[in-house]
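Feature annotations, reproduced from TrEMBL:
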type	residues	note
COMPBIAS	300-314	compositional bias 'Basic and acidic residues'
REGION	294-322	region 'Disordered'
TRANSMEM	23-42	transmembrane segment
TRANSMEM	54-77	transmembrane segment
TRANSMEM	97-121	transmembrane segment
TRANSMEM	128-146	transmembrane segment
TRANSMEM	190-207	transmembrane segment
TRANSMEM	216-233	transmembrane segment
TRANSMEM	253-274	transmembrane segment
Amino acid sequence: MFPASIPSPPVEFSKFSIGPLTIHAYALCILVGIVLALWLTSRRMRARGGDSDQLWDIVIWAIPFGIVGGRLYHVLITDPGYYFGLGGRQSHWAEIPQLWLGGLGIMGAISLGIVGAWIGCRRTGVRLSAFIDAVAPGVLLAQAAGRWGNWFNQELFGAPTTLPWGLQIDPEHYNFPAGLPADTLFHPTFLYESLWNVLGVVVLLALDKKFKLRRGAMFCCYVIWYGIGRTFTESLRLDPAEIITIGPLSLRIHQWLAIGLVIFGSLALSYVLAKLRPEGKDSLFAEGREPAAVQASASAEKHKSPGVEKKSSSDDESQPLA
């Protein structure tokens with residue numbers, strides 16, 4: 001029936017129990033993504049003179065804020081009618097805090113996560129612009145892992161397709177579109193976005209290595225990259241979403257927001273490169289908030305230079321006596 005296709009996991013694979021505890025595969029994918037993001041960000045912060053303690057002091061604020069932001073985006077933007085009983089539908093207020101049922105929006109997670117990161121950066125003395133640049137590739141890597149949760153849940157897939165990498169969906173699953181043949185294959189939008197995000201990690205790291213992007217430029221590139229990919233995948237998805245018409249275009253609300261990300265990221269990047277790019281290397285830390293070890297190293301370099309100049313001057317003066 002499926003000569004060439006991507007199978008979906010059995011429904012029972014979407015969650016399992018350990019004693020009284022129920023573990024959802026979607027949550028595990030998000031957890032794996034967070035671990036990968038922390039690993040990559042830790043490496044990037046150490047390369048800039050930071051350490052893992054500062055990273056933890058920031059993410060302990062950023063992650064909870066991000067989770068709340070992701071949930072609020074899902075509730076308020078993705079499906080407000082379901083939760084608040086709009087349009088004559090039954091309300092489900094009690095499900096709003098039940099994260100284990102699924103429903104997080106990455107755009108909301110990033111937006112409110114930055115607020116949490118700002119609080120953490122203020123407490124640790126790390127520049128927010130330096131932190132979001134350090135974390136940007138890690139966030140893309142986390143998103144790449146998190147998208148596999150949609151595969152386990154058999155959700156957020158795309159339109160029917162005859163391509164050899166079409167995705168199988170259990171015809172008995174509640175997400176299977178009504179009226180379609182049981183052997184219908186669908187675009188694996190989770191896979192498209194996951195691969196796009198992995199490619200984005202490679203591109204961002206290459207750009208940073210070649211051009212030494214600083215002061216928010218890396219994060220702007222992340223916003224642009226993600227917005228482009230999300231605009232494409234949203235054009236394929238079948239899940240219900242509000243359609244907004246602006247001029248001749250009628251697009252899903254998430255698609256409009258993704259286009260907005262591309263525009264915002266492009267304008268911000270232009271401003272950063274034109275107005276804010278500094279001469280020399282950016283410090284990870286705000287002025288006067290550097291750790292003692294960093295201050296000691298900078299002081300040693302400062303006192304070393306005059307000595308070198310003095311020696312050079314002395315050598316020049318001794319040459320006529322030879």
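The backbone N, Cα and C atoms fix where each Cβ goes, glycine too.
With a cut-off of 8 Å on Cβ pairs spaced 6 or more residues apart, the transmembrane segment (216-233) and the transmembrane segment (128-146) reach 3 or more such pairs and are scored as touching.
Here the transmembrane segment (23-42) sits against the transmembrane segment (97-121); at least 3 CB pairs are under 8 Å, leaving out pairs fewer than 6 apart in sequence. If one looks beyond the transmembrane segment (190-207) by at least 6 residues along the same chain, the residues whose Cβ comes under 8 Å of a Cβ in the stretch are 6, 40, 136-137, 140-141, 143-145, 147-148, 150-151, 156-158, 165, 167, 213, 218, 221-222, 225-226, 229-230, 232-233, 236. Within its own chain, the transmembrane segment (54-77) has Cβ neighbours under 8 Å at 34, 38, 41-42, 45, 83, 96-97, 99, 103-117, 119-121, 123-124, 126, 131, 253-254, 257, counting only residues six or more beyond its boundaries.
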